[in-house]
Amino acid sequence: MGSQWGKDKVYRRAMNEGFRSRAAYKLQEIQERFSIIREDDNIVDLGAAPGSWLQVERTLTKGKVLGVDLNPIPSIDGVMTVVGDLTTSEVQQQVKDLVGVVNVVLCDASPKLSGHKCYDQARAIGLGEDALMFAARTMKQGGNMAMKSFQGEMFHELLEEVKKHFYVVKTFHTKSTRRGSTEIYIVAKNFIGSSGDVEGHIQ
């Protein structure tokens, strides 16, 4: 653990409270502000490892909670997990089989950063596009979504794409985000319903 993490008060608080990362507080802030999770909702969390959002989700709903990630997610009581690529039809079908009706799709994932701003931005937008595609193919009409993104040249295009699929779309900066970060969340409510088509790749 680097000195930056060791000195991070929010990180230390998360560890003391039993969360796997500081990201748990970001979901708590989103829920407090937008009430995207209802007490009986079934939730699918994309890019869920190490599982801090799953820990919070389990406390917010009596419904099913499932995390999807390329890497194994350490077990959490009452939470199902799938190891695989969220863009594949096999994983999407597995999610449907396990969860049934999907009311909420969440994605706090971000790509491994290379240090090259344009490249990292493109990969982050691509991940957001994949999450939106997943939601469009699996979510029940009227469902809600929240996903992490990063401000930059292509962010507005992703935001406009999300607006095609949800009646209400907002952006949100959490207090738990590190100072100076371009991280931003897209919060989308009341899924319109679609055939699952998301237009192309954002250029």
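Glycine residues also receive a Cβ, built from the backbone N, Cα and C atoms like all the rest.
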From ASP97, ASP108, ASP120, the one annotated by Swiss-Prot with GLY51, TRP53, ASP69, ASP85 for S-adenosyl-L-methionine | ASP108
To the nearest whole angstrom, state the Cα distance for the pair ASP108 (S-adenosyl-L-methionine binding site) and LYS148 (active site, proton acceptor).
-> 5
Residues satisfying Cβ distance under 8 Å from ASP85 (S-adenosyl-L-methionine binding site), sequence separation of at least 6 = LEU70, VAL91
